[in-house]
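S.K.: Look at TrEMBL and you will find Leu25, Asn32, Lys161 tagged as xanthine binding site. According to TrEMBL, the feature 5-phospho-alpha-D-ribose 1-diphosphate binding site maps to Ala133, Asn134, Gly135, Gln136, Ala137. Residues or ranges marked as domain 'Phosphoribosyltransferase' in TrEMBL: 54-166.
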Amino acid sequence: MEEKFIKRLEERIDAEGRVLGEDILKVDSFLNHQVDPELMQAMGDEFAHYFADMGITKVLTVESSGIAPALMASLSLSVPMVFARKHKSLTLTDNLYTATVYSFTKQTENTISISKSFLSADDKVLIIDDFLANGQAVNGLLDICEAAGATVGGVGVVIEKRFQRGHQFIVERHIPLLALASIASFDNGHVVFSHEKEQINVQ
Ligand code: G4P
């Protein structure tokens, strides 16, 4: 990953992020509410560059905050992006792959779904999300890929919190993981970044 980009993202998190309680980082000004399209495009390029040689055919995410980075990665890879829906749609009723996702942050359970029309055994998937915390969203998408017989080529997240379970969960499954920003801990309301290289190399 480009050093210049890491610095740019970390500076943005330092300047605009707010630590809430023990383990939440609020970055509503460029990622989770207002979206900075240029930063998002640069993120997409970083993901695409890292997973360029993997034969990715589709980018998968979960609505809503995953959509912006996933779209930019898919644009840069020239493949479609599909987002799993959390809510029942009137026009999307059967022919669905579904998985249950528990949100520790919100303490709610969601069923996520993707139409069988948009994922198949021919696909090699790149999973993209905004945050990697406990890995529940990624786990749900892995379940869906397994049900579809699709191969998972990698996982890319904008911000991972290494002190939660998600990072280990993915590494243990030998899935290539790229986190654009990696947070080791929060210290008195400040973000401490991790620059540990524990990512699995892309073959
Ligand atoms: P997980 O997906 O990694 O397991 O995360 P977890 O269950 O802990 O969190 C559930 C929701 O909270 C997810 O969004 C996740 O992206 C978000 N989240 C987790 N940690 C943080 C954080 O430190 N900061 C922010 N801003 N969000 C965090 P979601 O429910 O899918 O919501 P959305 O995508 O519709 O916004």
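Any Cβ shown, glycine's included, is placed from N, Cα and C.
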S.K.: Do you know the DSSP helix, strand and coil residue counts for the domain 'Phosphoribosyltransferase' (54-166)?
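M.R.: Secondary-structure composition of the domain 'Phosphoribosyltransferase' (54-166): 29 helix, 48 strand, 36 coil.
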S.K.: Return the member of Leu25, Asn32, Lys161 nearest to Gly135 (5-phospho-alpha-D-ribose 1-diphosphate binding site) in space, with distance defined Cα to Cα and candidates limited to these binding-site residues.
M.R.: Lys161
S.K.: Can you give me the Cα-Cα distance between Lys161 (xanthine binding site) and Asn134 (5-phospho-alpha-D-ribose 1-diphosphate binding site) in Å, rounded to a whole number?
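M.R.: Distance (Cα to Cα, whole Å): 9 Å.
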S.K.: My understanding is the cutoff is Cβ-Cβ under 8 Å with a sequence separation of 6 or more in the same chain; which residues meet that for Leu25 (xanthine binding site)?
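M.R.: In sequence order, the residues whose Cβ lies under 8 Å from that of Leu25 (xanthine binding site) (at least 6 apart) are Ile13, Gly17, Arg18, Val19, Phe131, Ile159, Lys161, Ile183, Phe186, Val191.
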S.K.: Rounded to a whole number, how many Å is the Cα of Gln136 (5-phospho-alpha-D-ribose 1-diphosphate binding site) away from the Cα of Asn32 (xanthine binding site)?
M.R.: 18
S.K.: Would you report the average pLDDT that the model assigns to the domain 'Phosphoribosyltransferase' (54-166)?
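M.R.: Averaging the confidence scores along the domain 'Phosphoribosyltransferase' (54-166) gives 94.
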S.K.: So if I draw a 10 Å sphere around the Cβ of Lys161 (xanthine binding site), how many other Cβ atoms end up inside it?
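M.R.: Cβ-Cβ neighbours of Lys161 (xanthine binding site) within 10 Å number 25.
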S.K.: Any idea of the Cα spread of the xanthine site, Leu25, Asn32, Lys161, as a max distance in Å?
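M.R.: Across Leu25, Asn32, Lys161, the widest Cα separation comes out at 16 Å.
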S.K.: If you draw a 10 Å sphere on the Cβ of Asn32 (xanthine binding site), how many other Cβ atoms land inside?
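M.R.: A 10 Å sphere around the Cβ of Asn32 (xanthine binding site) contains 16 other Cβ atoms.
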S.K.: Rounded to a whole number, how many Å is the Cα of Ala137 (5-phospho-alpha-D-ribose 1-diphosphate binding site) away from the Cα of Asn32 (xanthine binding site)?
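M.R.: Rounded to the nearest whole number, the Cα-Cα distance is 16 Å.
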S.K.: Pick out which of the binding-site residues Asn134, Gln136 has the most other Cβ atoms within 10 Å of its own Cβ.
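M.R.: Buried the deepest by this measure is Gln136.
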S.K.: Same chain, not part of Leu25, Asn32, Lys161: whose C-beta falls within 8 angstroms of the C-beta centre of the xanthine site? Give them in sequence order.
M.R.: Gly17, Ile24, Lys26, Val27, Leu31, Asp130, Phe131, Ala133, Ile159, Ile183
S.K.: If you skip the near sequence neighbours and keep only those at least six away, which residues in the chain come within under 8 angstroms of Ala133 (5-phospho-alpha-D-ribose 1-diphosphate binding site), Cβ to Cβ?
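M.R.: Listed in sequence order: Asp23, Phe104, Thr105, Lys161, Gln164, Arg165, Gly166.
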